[in-house]
Amino acid sequence: EENRKLRKRNMEASLTARDRVGIQDFVLLDAYTSETAFLDNLKKRFHENLIYTYIGTLLVSVNPYKELDNYSKKQMDTYMGVNFFELPPHIYALADNVFRTMLSEFNNHFILISGESGAGKTEASKKILQYYAVSCPSTRLLNNIRDRLLLSNPVLEAFGNAKTLKNDNSSRFGKYMDIQFDHQGGAVGGHILSYLLEKSRVVHQNHGERNFHIFYQLVDGGEDDLLRWLGLQRNCQHYSYLVQVWDCAKVSSINDKSDWRTVRKALSVIEFSESDIEHLFGIIASVLHLGNIKFEADVRGYATLDNNQEMHWVSKLLGIPAQVLQQGLTHRKIEAKTEEVLSPFSVDHAVYARDALAKAIYGRTFNWLVNKVNESLANKDSSRKTVIGLLDIYGFEVFNVNSFEQFCINYCNEKLQQLFIRLTLKSEQEEYEMEGIEWEPVPYFNNKIICDLVEEKYRGIISLLDEECLRPGEATDLTFLEKMEEKIGGHPHFVTHKLADQKTRKTLDRGDFRLLHYAGEVTYCVVGFLDKNNDLLYRNGKEVMRQSKNAIIRHCFPSTEPDSKRRPETVVTQFKSSLVGLTEILMSKEPWYVRCIKPNEAKQPGRFDDVLVRHQVKYLGLMEHLRVRRAGFAYRRKYEIFLQRYKPLCPDTWPNWKGTAAEGVRCLIKHLGYKSNEYKMGRTKIFIRHPRTLFATEDAFQVCKHKLATRIQAKYKGYRVKGDYLKQKEAATRIETCWRGLMARKEREKRSWAVKVIKKFIKGFMTRNQPACSENTEYLAYVRQNYLTRLKENLPKTVLEKDSWLTPPPIMQEVSKLLKQIYIRLMVKKYVRGITPQRKAQLLLKLQTSSMFKGKKENYPFSVCRPFLDTRISIEDINIKVLQMILHEQYSVPVVKYDRNGFRPRLRQLIFSLEAAYLVEEAKIKQRIDYSFLKGVSVSNLSDNFLILHVTCDDTKKKGDLVLQCDYLFEALTKLCVIANKQNCFKVVQGSIRFDIQPGREGFVDFKSGQESIVYRAKNGHLTVESTRTKSR
């Protein structure tokens, strides 16, 4: 993000990027007389979030309607102490330039911030104040003044700003603030002047607008105890002065609760006492209660009060007896010769008197507030101070309905425009004369004719308005309009419905008049002009206020105030006088300008309304100012600055110029080929007439700058690399010398040590068989260690590898034998501990098998690796009827049974229970052999799977011995041995086995080895079993 900002800044600083982001100074615009070119440049910059543009030293600011990230402390530091045109346009650049000019020239300055409502004037004023708060020297005293200056803004905004149709935080008064600085630039004080507070807003607001912020802040944000003490409810709908436009009490962009906390904090910092704060909020609440007082007509048509509760709160908060207050609101005091008579009001007059009192209370309280802030900012040191003034004043206003307030505001803008053109022309002319350049008169629109129309003595609109207000008889707004038609009807900038031509008359009502201001036409509705200009407060209203116990009210309505029978000055006359005073103040100071522009009426970011902006450019006089600045020369710079920037373009001035700056510039522009009509040489500055001349110079500089940068980089890099190389070379030589010496010494020590070790080793080897002595001790120790190390790496992994023990040297024979025994025991112990119960049972069975057949039967070794199972036939594969007849089935296995007569093979199941063995054919038990009748079991010594079960058979009806073939021979016989507990009845026979077919009748099974396994009946009637010979494992 930081890199992106830097790239944008560089891009804008370079005139080569002007086509994309626009030109940062309108003075350099080629088509400077074209409004379209002006707007196009403004729009380009606006869409690039570049909201600031210069016209010379005037700053044009376009409200972005969104938060931008170019107001940080880092940004302030960037602009601090930098030449005005060195960095992109910014309000900080203007503020810093004013500040440094004030310090260097020790004179007074002012910054005029103007623009229409919503253009960002108040925000611009805040940014300037924040910049001075950061950039000025800091001490404890100065910090206090700084904090008060900053926090005076939210207080005055709360009491003097309101939501209007065009702006949610519109200043409804003009403000001029002087910031006083000491000789070191520290802010040591300040003073504020306010102009024309819109008091009528207290009692009336247009549709879509609000009353002053402080009322809503108090109702929404005030603490419960405070509201209870003030008699207020937390609902704006309960107060007549706040609900004329009920849907505007809440505004999304305004947080009244947060603003209330800010105001409370600010009042404390500005050193308002608790008593002052209490009285101040009491007055604000009393205005709300006053607005709720209602009047009714009695039988004679006179006004009477019908809301004793609201009267009670006004009486309490202002400290005025209720009876006195009631009389002041319903009666008027009239002097008749030597006595005073109370004349009762009608209801309409009573409402007028109530509203006039509310406006007077609020208006005078606002003036007290400004004076109180000034007391807090007052500079106690009487030594001379320099001043920077900030004038944040209402901009030109054109509404659908324009009334007395808009007339005053636009008159103020006419006066400021007159002052603006006069000061601009004056400063231009002075600069030309100072530099010895011939001044050429500049054509411009002089709005003196409009100012005279408004303020001329006896004939101006102000004089006619005052005359109509003060004359006896029935004066009305329409009689005032008629008088204007009579006196100034022929003026080219004034027209009414009566005076207009047929076409214009359609756009005017009968009660309207139209003035052609410098900024364009404005139609004013004459209704209310007289009342607002009179702003009368009946005398007995003042007398009632003087009886108040509220300290602020007593101060605002002093008893020393003369009760002259002469009518006080009208509002417009007071305003005219204050403008004269303001003009005198501004004429005594050096001017600087900020022109604020609103890009659209909808307050949407990124939207640029060409028609609206064109209108503002016109009435802000920006084109006039540009024409004045461009009348002679578009660009002027001090010789030193111009030479410092562009000297690389000429070989004679680069890199250093020996002579004066003026001579260097003359040499430079001669090399660049400037024509004589394109420039003038002043006493301290060069003046360039056309922007294209500067652009060509700047573009050439951009190209040259990159070439120079490349050359400088190359030279510098070569210098740095060469220096680094020489340093590294010297360092490498030293390191090599030291390293070689170190390595040589180490090598000598190693060789010396190696000779000693080899000698000892040889002697030890030669005496290895002799008793231990000094010559062979180390060798024997080496032999022991070597053997033990090799043994550690070659230990048997299992018990079965115990014969792979490493052969020891003679000296380690005894130790090796002992270690072997220990290690084997350890392996056996580990093996035994790792055997599970299931594994143990398996091994016991294998052990039993081994004792029966090891070394006796040829194929026994192949059975060792085959694990025994609990059974070979699952219970689902045994017929349910058989299971019901056989209890406690322990083991079952498939077998092939050979008939006793004929030896025909038949598939059967052999099942062992706890009591007997069963030969089963599907659901039928073919033979049951009780273990008590089992005489023995015979098998051959060959690799066949035959077994003969010998049964005790005394009865000829009983079946004889069984001849079976079983694939799991060793498993089945081991299970039988364990279940029947017949360890000694198993015989391994070589050759033939005799068996009883039945008592007195016998048969034979002959066993022999052959090429293949085969079973057949021999010619001799014997069952012959041939089996292949297996290789011993």
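Here the Cβ of each residue, glycine as well, is placed from N, Cα and C on the backbone.
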TrEMBL annotation (region 'Actin-binding') - matching range among 50-72, 579-601, 901-923, 970-992: 579-601
Positions on the same chain near the region 'Actin-binding' (579-601), where near means CB under 8 A and six or more residues out: 42, 46, 57-65, 91, 94, 97-98, 101, 107-116, 118-121, 124, 166, 176, 193, 195, 387, 389, 391, 395, 411-412, 415, 419-420, 423-424, 427, 607-609, 612-613, 616-617, 620, 622, 625
PLDDT averaged over the residues of the region 'Actin-binding' (579-601): 87
Number of other Cβ atoms within 10 Å of the Cβ of Ser117 (ATP binding site) across all protein chains: 21
Residues flanking the ATP site, with Cβ no more than 8 Å from the Cβ centroid of Gly115, Glu116, Ser117, Gly118, Ala119, Gly120, Lys121, Thr122 and excluding those residues themselves: Asn63, Asn167, Ser170, Gly395, Cys596, Lys598
Helix-strand-coil residue split for the region 'Actin-binding' (579-601), DSSP-based: 9 helix, 8 strand, 6 coil
Cβ neighbours within the same chain of Gly115 (ATP binding site) - under 8 Å, at least six residues apart: Ser61, Lys121, Gly395, Arg595, Cys596, Ile597, Lys598, Gln616, Leu620
Other CB atoms, at most 10 A from the CB of Gly120 (ATP binding site): 23
